[in-house]
Amino acid sequence: MPYFDYASTKPVDERVVEAMLPYMTEHFGNPSSVHSYGFKAREVIEEARGKISELINGGGGDIVFTSGATESNNLALIGYAMRNARKGKHVLVSSIEHMSVINPAKYLQKQGFEVEFIPVDKYGTVDLEFIEEKIREDTILVSVQHANNEIGTIQPIKEISEIINGRAALHVDATASLGQIEVDVEKIGADMLTISSNDIYGPKGVGALWVRQGVRLQPIILGGGQEKGLRSGSENVPAIVGFGKAAEITAKEWGEEAGRLRRLRDRIIDNVLKIEESYLNGHPEKRLPNNVNVRFSYIEGESIVLSLDMAGIQASTGSACSSKTLQPSHVLMACGLKHEEAHGTLLLTLGRYNTDEDVDRLLEVLPGVIERLRSMSPLYRR
């Protein structure tokens with residue numbers, strides 16, 4: 001069954017599962033314990049930390065393990081703002097961030113911080129002039145994702161870093177970009193970077209926040225003081241081992257894989273845009289190699305997804321974290337689409353196990369689905 005919902009979740013690579021298994025049964029020690037079982041657990045955690053740091057060129061900072069990207073984003077925004085509030089209370093956040101950034105930003109507003117949301121153009125690229133105009137003496141934090149999980153647009157993070165020029169901390173959510181494009185904290189100038197295990201075919205329930213040396217955070221989960229006091233709770237050793245193995249594999253394979261996915265992506269886009277009144281969302285060139293986000297006039301994306309599912313093809317209308325709401329995507333609305341346009345969107349995200357045959361099947365089925373749904377729409381007239 002062709003699966004085109006890799007942005008929502010990915011299967012765990014079998015090599016990762018194999019690496020994890022001994023730490024579920026045989027090597028089950030608590031890394032805080034002062035005996036050989038604990039020492040073994042601590043050793044493999046630090047080994048994984050090193051592999052993940054190497055993947056993002058993170059030698060100039062520390063990897064803090066969390067339960068996932070959502071927690072990492074909360075720690076970055078709330079933890080940094082609360083710790084550095086004496087320096088200022090002005091924060092800039094891109095308007096198309098994942099909700100795990102948007103909602104912490106709104107929480108900060110309730111705590112007395114002034115949060116301004118950075119607008120984007122029709123492709124979802126942030127307005128650099130807005131950042132340049134709005135950054136001021138009391139600005140302490142700017143948060144812009146590396147690439148958008150819904151429309152695939154890659155942001156000019158290096159240019160943003162140059163505009164900030166050390167006047168505020170720069171947080172970058174790289175959850176969607178890791179494993180798809182190069183993620184190098186030094187090249188882009190990030191001070192904090194959010195990443196997730198499952199997005200590189202590791203286990204769910206573990207992520208990390210990379211924190212540059214000298215950046216100070218207030219912990220948001222209190223307890224035994226694990227992870228250098230920034231994230232209490234006994235470390236999830238098997239998951240961290242899996243994260244490390246996934247990072248090791250990604251470091252070796254992402255370039256070749258990205259090229260293969262880009263070829264499949266372009267084939268889908270070229271053929272789908274031949275359908276009458278279909279449009280590409282996101283940047284036509286500066287986009288993730290696995291992302292296809294298209295909209296079709298006169299029909300709803302949810303109907304397309306359900307119809308594809310009946311044909312054995314899995315797809316999405318947008319972020320799985322927000323898919324239970326009937327509201328149009330805040331990302332597409334920020335790009336200037338109307339409600340009805342945003343509701344007519346289909347999101348196809350490719351991954352490691354997609355084949356040319358999967359794409360063949362999609363391109364065989366999708367035009368008929370669109371034609372059938374439009375034939376039932378009172379808005380559509382040939």
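For all residues, glycine too, the Cβ spot is worked out from N, Cα and C.
What Swiss-Prot lists as active site, cysteine persulfide intermediate is Cys321, and the listing cites sequence analysis.
According to Swiss-Prot, the feature pyridoxal 5'-phosphate binding site maps to Asn149. Reduced to three states, the DSSP call for Asn149 (pyridoxal 5'-phosphate binding site) is coil.
The [2Fe-2S] cluster binding site annotation in Swiss-Prot covers Cys321.
Using a 10 Å radius centred on the Cβ of Asn149 (pyridoxal 5'-phosphate binding site) and all shown protein chains, the other Cβ atoms total 26.
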